[in-house]
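Trainee: There's a structure below that I have some questions on.
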Amino acid sequence: MLPGTQLSRAYDKDVAGRADVYHFLNKTKDFVIDASSGVITSTKVFNYETDPIRFLLIVDSGGLRRRVLTVNIIDVPESPDCTADPQFSSGTATVELDEDYPLFQSIYRVTATDEDFANGDRLKYTIETQLSGPKRGANCFGVDPVSGVVSVNGEDSLDFDAGFHVFQLALRATDTKGLFCQGTLIIRVRNINDEKPQFEPFPLNLINVTEKMPVGEIIARVKATDRDEDSSITYSFKTQQEVFRLDPVTGIITLLKPLNLDKPNNSKVYPLEVEARDNGNHSSTYVFTVSVENVDEPISCDSSFSTGAGVSVSVPENTPASAPIYMILSRDPDLEQEVEFLILNSSVNATAYFNLDSHNGVISKTMEPLLDYETNPKHFQLVIAVRSREDLSVESCTGTITINIQNVNDESPILTYIPDAPINIYENLPVGTELVKLTATDRDIGDSVHYEFIDTPKEFSINEDSEVVTVAYPLDYEDVSTPKSWVLYFRAYDNERMHSTTGTLTVILQDVNDNRPQCSQDIYIIELPENIPVETLLVSLACTDKDGTVPNNNITYHLITDTFSNETFTLTNNELKIGPSHLDFDNAVFAGMHFKYTLFVRVSDEGNPVLSTMITVIVRVSRINELNPTGTTLAFTFSILENSPVDTLVGEITFTDADWPFNDVKYAIVGGNLGTPPKFYIEPDTGMIKLLDSLDREMQSQYKIAVRVTDLDNDALPDPIRQRSATAQVTVHVLNVNDEPPVCTPPHLETRIYSAMKTPFIQLNCSDRDSPQEHLSYSIVGGNTNNRFTLWRRDFGPPSLAATQNFQGDVFQGILAPETFQLLIEVTDELGGDTVSQLSTTTAVIIHVFPWSTTQPTPSTMTATTTITTSVLTKISYYWSPDNWIPAVLTLTGALFLTCLYAVAWCLFKDVPACWRLFPHCHKHQQKHPSITAGESGQVTRHGNLSSGDSNPNMKPSLLPGNHQLVVPDLFKKHLPFYIIVCFLG
């Protein structure tokens, strides 16, 4: 709070208006009091952390009583201070470090202070921005949030050679209240020789050369680069080489020895490891291979195969498939060179029955067809060429092989039906479902065909006799242990298992949409403040579908909302965000929803049928005090009669607050309501301004007060700092009431006139503080004998007194000697108004009238002298104003006194029959048990019954229920006077 701010005001009505009356009894430099007005102000800006937080000021106005004003200093959060390092706060703090600076080692420490530290406040250090140059985008540094130490965090490499030469960090120190200070740190990176040479690799890390390459020929050139500036590279072999030479400067590799592969000691492959070293002693190695290619030479074959009619071979018709029939002998003089065998020509369908292995020259029986002596040719002829595999264009030798078929009595089953296309089946087929029915025949008479799987799969079974293939195990496409396709090998065999035939079935498993989408959570509960920005991400849904194929596992998301939340949330793909409308806690409909949104997201796949899963998202909204109280106007005007009693309603201020709960505001008068006590007060809850002290329009006809309207309970957690308020200016006009009587100045008049006076001779001077002059009426109410005087009034001013006739002696009722008249004139206000509210005053006018005569009065005539004495009557009224408990004590004492009087009267008149109605006896019986008077005489009882002679005077009253008998103890009767005296003393 700035110096000179008014804190309070001392007011003593006994010294009001005097100068130099108020002062402090205790000395203080921090506060001053105006000696005339009593206004107390501060002289400095206080610091909660260093100054005292409480001051006691003793105010004296010269009277007997002093007042003590307590001033409490309230702490205001202060921003942290980063000026301990001026270069940091001004943005010129610079640090230089090498690009290989260690991780997490201190580079710079942010020095910030906070005066609120002593009150438990703590600072948190953060990096707001991190700019790198000339290359952008590096994030190499971090700051410890507690100590403020800046270090290399290792998230990105601090590499000068990558273009990161300088960094600019914007560092911020923030306290627990959200206040902060900020500075800039510039970090310059020094380049060092820290990069290794990098080789440019050969394709596949391989160099191919022929065995005929001459010595001294250049084989290849290795090349390495270094990212460090001004770096030179030298090359060398990691191991000693005898076949190759490496130039250390150019990296050129040349041949030192022949590479002839016909020599057994020569290798076909030479692995080479080359080292590149820069002038900073950084090195790297590169390994590659030199492969030597062979040059082909002519191939030699078996002479029986390559000359004349060739070779003739006989085989039985039941030769099994793949059985070797004949092997062609040949070789290649080149070491490790392979030969290739090709069929150049053959007799009809020879290649359908026989197969030639191109690698080893073995002729074998093919799988299909069978060598049936009864239906197939008896002889087959193959023309075969042998050549080098590396040079297919050169044939080295050619020969002929004749195969003769020998008859064997044997027939195998023949498959007549096998599906050509793969069998597509759906998962989840019931066990026992038929897939296919196979058919086969056996040409042998009386032989039947049976079936079996060669490699028995657990998923399928085949009936041995009915040829039906069925599902034998539940199939689940999503089960990783279940294959997605099968190649089923089966065998058809005869009765004795002497002959058999094999076949294959291909079965492909098809996916079925039988899995709903599965999500990581079925329900999300999120709590957000109502002022969270639009486009804020609420949740990213993570859902998968176990189905293995498209579109069964394609997932789509659909947001299901009601009309209230339709524009508040948006679902894009799997991301639920706020928008396009923002959250609004302050809504009556939303209050009926318990301030929460219940959203549903349907997660569906694209299979047939479509399967879906519902996710529930509950968004709870917490309230934030966002809006200031508002009124229809900020200036209010009210009127009140000046004689209105205390607690009269002056007017009502109405403000509204759109924050929930609606219109929860508090009203307080904060200015203009001066005086002790103040003239007005306001009800905090209703805003009704009422009268607190009496008004006097003649003293002050208008009041201007300031009313602050503060909202309440508009945050989820009460926070006085975030309370919002508005100020209204109120003008109160005090309406006039006739409460002041007319006043005449002076209160009485005296004058001397001659009896011949006919014009007005004296003017009254009367006024009224609450009535204008024209509202005053004047009348002579006394002393106007024979109506000799009248009031003469011109316009609306005060009237003048005039004579109605002269006072000559010869005039009727005239005067012959001096005479004194004393007139009483009544002045009444509110002319023409309500007579009940009219007020009046009386003034006296003394007139000495002298006769107008040419002769002097006789000396014997004595002129009477009138003496006017002004007396001031002072009446002092004294009254007693007791405390609240005294009337209660007096009332109780009066009640006891009346009780005592009644007791005395009862003792005196209880036996008088005429007074029995006022003073009844104390004992009373039911009608079944008439009361008996004390004594043994036969007097008449109260009920008029004669007492019998057998009545027992010593009979005790029955105390049983039903005998409602009240008896006054004798002891009480004996001491009754004592009790009466005690009551009188009380």
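In case you wondered, yes, glycine gets a Cβ from its N, Cα and C as well.
Sharing the features that TrEMBL gives for it:
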- 934-954: compositional bias 'Polar residues' (COMPBIAS)
- 10-88: domain 'Cadherin' (DOMAIN)
- 89-199: domain 'Cadherin' (DOMAIN)
- 207-300: domain 'Cadherin' (DOMAIN)
- 307-415: domain 'Cadherin' (DOMAIN)
- 417-519: domain 'Cadherin' (DOMAIN)
- 520-631: domain 'Cadherin' (DOMAIN)
- 632-744: domain 'Cadherin' (DOMAIN)
- 759-861: domain 'Cadherin' (DOMAIN)
- 930-954: region 'Disordered' (REGION)
- 885-909: transmembrane segment (TRANSMEM)
Trainee: Pull the DSSP breakdown for the domain 'Cadherin' (10-88) and write it out as helix, strand, coil residue counts.
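Mentor: So the counts come to 3 helix, 23 strand, 53 coil.
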Trainee: If you count every Cβ pair below 8 Å, which range out of 207-300, 307-415, 417-519, 632-744 shares the most with the domain 'Cadherin' (10-88)?
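Mentor: Counting Cβ pairs under 8 Å, the winner is 632-744.
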Trainee: Kindly report the helix/strand/coil residue split of the domain 'Cadherin' (417-519) according to DSSP, in that order.
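Mentor: Reading the DSSP string over the domain 'Cadherin' (417-519) gives 0 helix, 46 strand, 57 coil.
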Trainee: Mean pLDDT, the domain 'Cadherin' (417-519)?
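Mentor: Across the domain 'Cadherin' (417-519), the average pLDDT comes out at 87.
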Trainee: DSSP helix, strand and coil counts for the domain 'Cadherin' (307-415)?
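Mentor: The domain 'Cadherin' (307-415) comes out at 4 helix, 52 strand, 53 coil.
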Trainee: May I ask you to check whether the domain 'Cadherin' (307-415) and the domain 'Cadherin' (520-631) make contact, with contact taken as at least three Cβ pairs under 8 Å and only pairs 6 or more apart in sequence counted?
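Mentor: Answer no, regions not in contact.
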